[in-house]
Amino acid sequence: MSAESLENRIFEPSAEVKAKAAVPSMEAYHALCKQAETDYTGFWGGLANELLDWHKPFTQVLDESNAPFYRWFGDGELNVSYNCLDRHLETRGNKTAIIFEADDGSSSAVTYRELYHRVCKFANGLKSLNLNTGDRVVIYMPMGVEAVVAMQACARLGLIHSVVFGGFSAKSLIERIHDASARVIITCDGQFRGGKEMPLKPAVDEALQDADCACVEKVVVFKRTGGAVNWNPAREIWWHDLIAELSDECAPVFVNAEHPLFLLYTSGSTGKPKGVQHSSGGYLLHALNTMRWTFDIKDSDVFWCTADVGWITGHSYVAYGPLAAGCTQVVFEGVPTYPDASRFWKVIEKHKVSIFYTAPTAIRSLIKLGADLPKQHDLSSLRLLGSVGEPINPAAWLWYYETVGGSRCPIVDTFWQTETGGHVITPLPVTPLVAGSCTLPFPGLQMAVVDEAGKDVEWGTGGFLVIKKPWPSMIRTIWNDPERYKKSYFPEDLGGQLYLAGDGAIRDKHTGYFTIMGRIDDVLNVSGHRMGTMEIESALVGNPLVAEAAVVGKPHDIKGEAIVAYVVLKGTRPSGEEAKKIVAQLRDWVGKEIGPIAKPDDIRFGDNLPKTRSGKIMRRLLRTLAKGEEITADISTLENPAILDQFKQVH
Ligand code: PRX
């Protein structure tokens, strides 16, 4: 089928899907939207009462008096861990909460009751470190039951966790530890990935040598690999020693609904990552409600979200949403390609996964490595598929739909962000689907596409994606930087009231379906990982060889976007073998400064960057060059047009 005809094709849900779905029809979907429109606070307040267990009920749903610093359910009290564990004990105590699928293919199961006791025991361990409600704890761990236990234990005590993805370097860790003034770090000796044992603790050791990490008093280390570690007994304690003598009961600390549950650092337009602050009540409500309406979660489901807990998807759809919903979920330590490219399909078959949620990048790479492999496995347990993190191209969508889902499973292409806490535009299982479109707003979310002045554009015209009203799981502020929160998300140009998502979007002329057109700022999306061009530029110019650098993205078949860096060295422009050597050095450098995921795919050298006479870097030209396209734009304002030729050369 040609791409064009595919984009016009509508995939209707089957009668079976309709018969079982929590939101059973589009009429029911529209009725929910209407209900939210007519009584916004009644809609959200009703859900919060229905879905969450409150220690102290709230009397006010939304407080807008200090907008855009909104408060939801602001005088209510609850505990997130209580809502994820304790309340299931009576009815689901013996139900499997987590099936842990280890890198080596072994698996184990943890029931809700066991998980509850593990969380309580570890929470008692954290308590023994004299942490107080509101203190920050950095979690730097690979995927595993303990990462979830650590997060839940923090939530149980009202400690604010900040999970740092295990693929980030010591330098990135320092920045995040310092900004959050973390008192404790929870980490592992190492991790298993793709059959290899990789140390993790050395990055923490290195970070803690930095004066910026003087705030850290204790490091708790979970023994995962048993590999050799350096040990500082004054500061470090093994997880198993910390909890050895402690009780496996620990009363939850009930906190205000607005109490920060976590910070999660993400990239923005500047070189400094933003500490996105989420709430307890509103965040959990949406994590849970999207489990119900988007994923249509049932007690009999086996849910598997492949995201790492280092990202927002792993927060909402591994650590919190599935547990709040009381479902059985798979937590996967490994990588999709080990021991071979059928690992995902084997795991689905082995654990009878019914809802599978992954990223387009993984789908594209698995198509390349073995488009027929899913057919060798029994995937009949699947009933719903999900996609997240980046646009899914129609061809990959169709393969996912037909080959993985057997043309019977709806695909929910969920659009959202670290800042939104959970899905904001997504099909529900009953939504008629169009490949490559995330379709319609989640009920209650007031999504719109506007122009530079903040006015709605017509369907069929592209513009800025915004959210017109606050919603419960929205970012509350940027940690330590409320001004940046206001400026980044509620810019005055748009009137100061609209939440600016940072993506371009267009609605289909006929259906009103949304298609995301990519970021409008200097944020790249590489393999579903969000990265700021400025962060990579700052890393590059920190290298003693580099005078100036500009980073742009270019389309990439598998990763979605690839990183291209244009570099001006302090010395002369290198060529041949020397250029190759410096490229390798700079890639390693960025790997150490930020993490391997930020290594540029392509580094090019010139005597200067292409700038206008006023000194502005002409990034649009650099993007054209990155794609290998001819420059047709007017370059008469360019200070130094000759260097464009230099930058065509790939090393
Ligand atoms: O550009 C959008 C893209 O990912 C960005 C958010 O990245 P992050 O905060 O890391 O959260 C990723 C996981 C929710 C968005 O601004 N994005 C996310 N989901 C989609 C998407 N682009 C298109 N379609 C999606 N389904």
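Keep in mind that glycine also has a Cβ here, set from the backbone N, Cα and C atoms.
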Which residue of ARG484, ARG519 does TrEMBL report at the same ATP site as GLY389, GLU390, PRO391, ASP413, THR414, PHE415, TRP416, GLN417, THR418, ASP503, ARG530? ARG519
What is the one among the binding-site residues GLY194, PRO391 whose Cβ has the most other Cβ atoms less than or equal to 10 Å away? PRO391
Find the longest CA to CA distance in the recorded CoA-binding set ARG193, GLY194, GLY195, LYS196, THR313, SER527; express it in Å as a whole number. 25
Binding-site residues near ligand 1 among GLY195, LYS196, GLY389, SER527, VAL541, VAL546 (Cβ under 6 Å): GLY389
Can you count the other CB atoms that lie within 10 A of the CB of THR313 (CoA binding site)? 25
Going by DSSP, is PRO391 (ATP binding site) sitting in a helix, a strand, or coil? coil
What does DSSP call ARG193 (CoA binding site) in the simple three-state scheme? strand
By DSSP, what is the split of the domain 'AMP-binding enzyme C-terminal' (535-616) into helix, strand and coil residues? 28 helix, 27 strand, 27 coil
Using DSSP, what is the helix/strand/coil residue split across the domain 'Acetyl-coenzyme A synthetase N-terminal' (29-84)? 27 helix, 7 strand, 22 coil
Sequence order is fine: just name those binding-site residues in TRP416, ARG519, VAL541, VAL546 with a Cα within 10 angstroms of SER527 (CoA binding site). none
